[in-house]
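Since the structure comes first, as structure tokens, the remarks are kept for the end.
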Amino acid sequence: MASSSTSFPLTTAPPQGVRFNRRKPRLTVWAKQTAFQLGKTKGDDDSEGKQKGKNPFQFDFGKLPDMKSLIPVVTNPSTGLVFGNNRKKDPGTIFVAGATGQAGIRIAQTLLQRGFSVRAGVPDLGAAQDLARVAATYKILSNDEVKRLNAVQSPFQDAESIAKAIGNATKVVVTVGATENGPDAQVSTSDALLVVQAAELAGVSHVAIVYDGTISGSTYNVLDGITSFFGNLFAKSQPLTISDLIEKVAQTDVAYTLIKTSLTEDFSPEKAYNVVVSAEGSNSGSGSSSSEAYKVPKLKIASLVADIFANTAVAENKVVEVSTDPSAPSRPVDELFSVIPEDGRRKVYADAIARERAEEEAKVAADKAREAAEAAKEFEKQMQKLSEKEAEAASLAEDAQQKADAVGVTVDGLFNKAKDISSGLSWNKLGSQFATAIQNASETPKVQVATVRGQAKARNLPPKKAVVKQRPSSPFASKPKEERPKKPEKEVRKVFGGLFKQETIYIDDD
């Protein structure tokens, strides 16, 4: 949906605590007569200045080609939004994902008519503006409803960007169908899962998912079958089935209501039938899609979603199948959902998580017990080795004592003797012993030291020259014998049987 320029707020909600002036806004510009002016030449300004001298700032709004150009466009809603629980939530604000889809636009319109504020997530803000302008022009939406409509750009890309687009909404609705991402594009189960994950990030309290079962029906067209086959073959990931979607939604922390149905147009005969809500797997639900009588018009499913958001307690964590029946009476939403049991997938998942956590804790405890047992066993081995070493040391000491006793010497005695030797040994005593030994080894001096009295008497004697007596030489002193030269020795031997004699003479070189 889109709005007129005066009633379609496309900017983000103002921060809390900001006060607004309720008086009519007026544009006041203080400028001199020589200030710049728009759209006029200097000559024209001079000619008109005489007539309108009090209004120097001229601007002709009638020459604007389209008032739509004055509407601010939010190209990046993430810059003005804070996702998560940091922003104060509004219990009366609902985020409609795919608000320009065939069912999404009817859901947004019905919610506005019921008094809710709507944040419309759209893939194209320009198209949403056109729709809002048409709705306001033809009175499809009242001025009050248009004021409560806030469109934000929100393609199905990632959960973080969708969470920022959700903003202060406390409830979220998304429709899975072939014409729900705009008027002719598909919203898949994977896209719906992204919306649920974004709702969990944004702190949303309740999510409603409308699943149109006609998207999986056969068109009996060969080209469509070939296109679907090759599309699934070359796709990066296979699309989620509705069962997989419910399983993953049950694993989140957001309360949910999943509606399985087969949608039809509002001008079909089913618009006069009443809605029937049955439990999942019932034959009276949308499973009998072959019968045209059981389909649900889009306006009726939008009315059911609005009733659910008005009383979410009766529809929390339930998966239902919705159809129409001409013979069914009209019932309020609390009667329709009170007989539906709560979906058991979340409880099964919670039990599985608790069981897995208990098994993990038991495994950790078993590992710790095993490690403690191994540590105790290793400690016992170390203690056993230590006791064996102590016994071996004791036996060696006993053998040494026995050997010492055998030779008559005890170990204590040896230690005592060693102590005595070490105590009696000193460097001073050892030095004096060496000095005494050296003095005893020296010869006794020939000159005797006189007594004190003798020394005094010797000092008084006059000095005399010492006379040395020389021994007279004897004339008969024997002369040293001169050595006679040795005669050369001869050696004679007989040769040739005594016929000849050979004489060998040895002469000294001296």
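Here the Cβ of each residue, glycine as well, is placed from N, Cα and C on the backbone.
Residues or ranges marked as compositional bias 'Polar residues' by Swiss-Prot: 1-14.
Among the features that Swiss-Prot reports, region 'Disordered' is placed at 1-24 (among others).
Per Swiss-Prot, the feature transit peptide maps to 1-19; the stated evidence is sequence analysis.
What Swiss-Prot lists as region 'Disordered' is 38-58 (among others).
Residues or ranges marked as compositional bias 'Basic and acidic residues' by Swiss-Prot: 41-51 (among others).
Per Swiss-Prot, NADP(+) binding site is recorded for 94-123, and the stated evidence type is sequence analysis. Cβ neighbours within 10 Å of T110 (NADP(+) binding site), excluding its own Cβ and spanning all shown chains: 21.
Per Swiss-Prot, the feature coiled coil maps to 354-403.
DSSP assigns S395 (phosphoserine) to a helical segment in the three-state reduction. Look at Swiss-Prot and you will find S395 tagged as phosphoserine, backed by a large-scale study or a structure entry.
The phosphothreonine annotation in Swiss-Prot covers T451, and the record cites experimental evidence as its basis.
Residues or ranges marked as region 'Disordered' in Swiss-Prot: 453-493 (among others).
According to Swiss-Prot, the feature compositional bias 'Basic and acidic residues' maps to 479-493 (among others).
In this view, R106 (NADP(+) binding site) is surrounded by 22 other Cβ atoms within 10 Å of its Cβ, with every protein chain counted. DSSP gives G98 (NADP(+) binding site) a coil state; it is part of no helix or strand. Shown are the binding-site residues I94, V118; the one with the most C-beta atoms within 10 angstroms of its own C-beta is I94.
Here the coiled coil (354-403) has a mean pLDDT of 89 out of 100. By neighbour count, meaning other C-beta atoms within 10 Å, the densest spot among the recorded positions Q102, S395 is Q102. With respect to Cβ neighbours within 10 Å, the binding-site residues G98, R114, V122 differ, and R114 shows the lowest count. A distance of 100 Å separates the Cα atom of S395 (phosphoserine) from that of R106 (NADP(+) binding site). In this structure, V118 (NADP(+) binding site) is part of a beta strand by DSSP.
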